[in-house]
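These notes are about the structure you will find just below.
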Amino acid sequence: MTEAGHLLPAVLLLYAILIPQEVRVEVSGVTLYAYRLVCFALLPWIAARVFRGALRMHPIDAVIAIGGTWMVLSFVMVSGDLQGFVSGAGLAIDVLVPYFVARVTIHNVADMRKLLIIYAPGIFAAGVIIMVEAVTHQPIIKPLVRSIFSARAGFVESSSGSAEIRLGLRRSEGPFAHPILAGLILASAGCLFATSGLRKWPMWLGVSCMLLSVFTVSSAAFLAILLGVGLIGYDKVSRFFTFLGWPIFMVGAAIGMLFIQFASDNGLIRFLLRFTLNPQTGYYRRLIWQYGTENVAANPLFGIAFAEYERLSWMNASVDAYWLADAIRHGLIVPLCFLVATLWALFALGRQSAAATSETDRHFMIGVAITLVVLVVIGFTVSFFGGVLLWFYIVLGVAVSLLKARAVPWDKHTRVT
């Protein structure tokens, strides 16, 4: 494992995601969770590595940097004080650090496989905890954290109603901030492991995460599994029927989305919101989009920062849609930058995979792209924060790194692959 030493920053960040947010410190009114402490600690390292030329720049990096800069600028323009800068910078760090850590540490598919091997025990353990909590109807990890860190850790039961019982199971989040986010991380991680080319225990632990995500009893997890398995299956089938290539799929998907958007009464977003286990939740999310888009139209350039958006009096302030929440908070520039960067990476990675010398590497590149697609789509119905936000930008950073990757002979890979 000495060859994987350069992956340590990414390993620290991934495992910090698994630490409950109840483990935190407050400094000058700023809440520092475990993952955010790691992000701050890695800032000098990232700057030093970039300065020494360790980052092989891609135009997508500039798009991400523009989006991150606008996050800070939008808060400064709205608040007009130092606190706005501090708050905006904190949010930007949660995006930029995981992205650039992945960009600097991942040089090729072999690096990503090694990272998954190291991460497999941790993410699997988190899934097992969620399963036990769901079956026993008793939280485990967060009460344990509270007992260790005392009441100052701020243990609070999830405001979403994480103790809700669905299908005979407790909606459990384990170490994550919310059952929905837990299910999304586990299901999307399972997509990566399933296409990684790993064998033996790392592959089985990783793929099991997709099954364990079911115990969050979250419609987001079910939709992520449906999308992930469907797209992986399509990739398998397309290798036997050449006319079913990814270009054909993307054209067909685009036509289908346009048809739903303009031919149906409700549009594409409301169509996606039908895939919820709770009809009331789906209706509520429709209202969020209705009033959220009105707020974006009224504040398209810099958003409203941490102010509450205008809505019906009985609605709470949370916005259950990452891309919409970013637009409300920062204006349209930020989500457009990140969506453009993601779509650019997806199409470029698709072309890159076609030129791969190894079928296993090609399949893994497609798997990274599929994981990104799953996260982007779910981001229209779920708000990303905490660990899942970092997870998304780590995967995006990996995708861009693979565009600049040098080929590595298969016999140079670790023995467990």
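Going from the start of the chain as shown, residues are counted 1 onward.
Note that Cβ sites are derived from N, Cα and C of the backbone, with glycine treated the same way.
Per TrEMBL, transmembrane segment is recorded for 30-48 (among others).
TrEMBL lists 60-78 (among others) with the feature transmembrane segment.
Marked as transmembrane segment by TrEMBL: 84-104 (among others).
For the transmembrane segment (116-136), the list of distant contacts is 1, 4, 7, 11, 14-15, 18, 169-176, 182, 185-186, 189, 192-193, 196, 198, 201-202, 205-206, 208-209, 212-213, 215-217, 414, 416-417: same-chain residues at least six beyond its ends, Cβ to Cβ under 8 Å. The transmembrane segment annotation in TrEMBL covers 116-136 (among others).
Look at TrEMBL and you will find 176-198 (among others) tagged as transmembrane segment. Below 8 angstroms of C-beta separation, residues 17, 20-21, 109, 112-113, 116-117, 119-120, 123, 126-127, 130, 158, 160, 162, 205-214, 216-218, 220-222, 224-225, 228, 232, 360-361, 363-364, 366-368, 370-371, 374-375, 378, 382, 384-388, 391, 395, 416-417 of the same chain, each at least six residues beyond the ends of the transmembrane segment (176-198), sit close to that stretch.
For the transmembrane segment (210-234), the list of distant contacts is 124, 127-128, 130-131, 133-135, 166-167, 169-173, 179-180, 182-184, 186-191, 194-195, 244, 249, 275-278, 281, 367, 370-371, 373-374, 377-378, 381-382: same-chain residues at least six beyond its ends, Cβ to Cβ under 8 Å. Per TrEMBL, transmembrane segment is recorded for 210-234 (among others).
Per TrEMBL, transmembrane segment is recorded for 240-262 (among others).
If you look up TrEMBL, you'll see 327-350 (among others) marked as transmembrane segment. Residues 59-60, 63-64, 66-67, 70-71, 74-75, 91, 95, 246, 292, 295-296, 299-306, 309, 319, 365-366, 368-369, 372-373, 376, 396, 399-400, 402-403 of the same chain sit 6 or more residues outside the transmembrane segment (327-350) yet have a Cβ under 8 Å from a Cβ within it.
Beyond the transmembrane segment (362-382), the same-chain residues lying 6 or more positions past its ends with a Cβ under 8 Å from any Cβ of the stretch are 109, 112-113, 180-181, 184, 187-188, 191-192, 194-197, 220, 223-224, 227-228, 231-232, 235, 246, 269, 272-273, 276, 285, 320-324, 339, 342, 345-346, 349-350, 352-354, 356, 391-392, 395-396, 398-399, 402. Residues or ranges marked as transmembrane segment by TrEMBL: 362-382 (among others).
Positions annotated as transmembrane segment by TrEMBL: 388-405 (among others). Tertiary proximity for the transmembrane segment (388-405) is limited to same-chain residues at least six positions away from its ends with a CB under 8 Å from its CB atoms, namely 10, 13-14, 17, 35, 39, 56, 58, 60-61, 64, 94-96, 98-103, 106-109, 112, 176-177, 181, 184-185, 188-189, 192, 322, 341-342, 345-346, 348-349, 352, 365, 368-369, 371-372, 375, 379.
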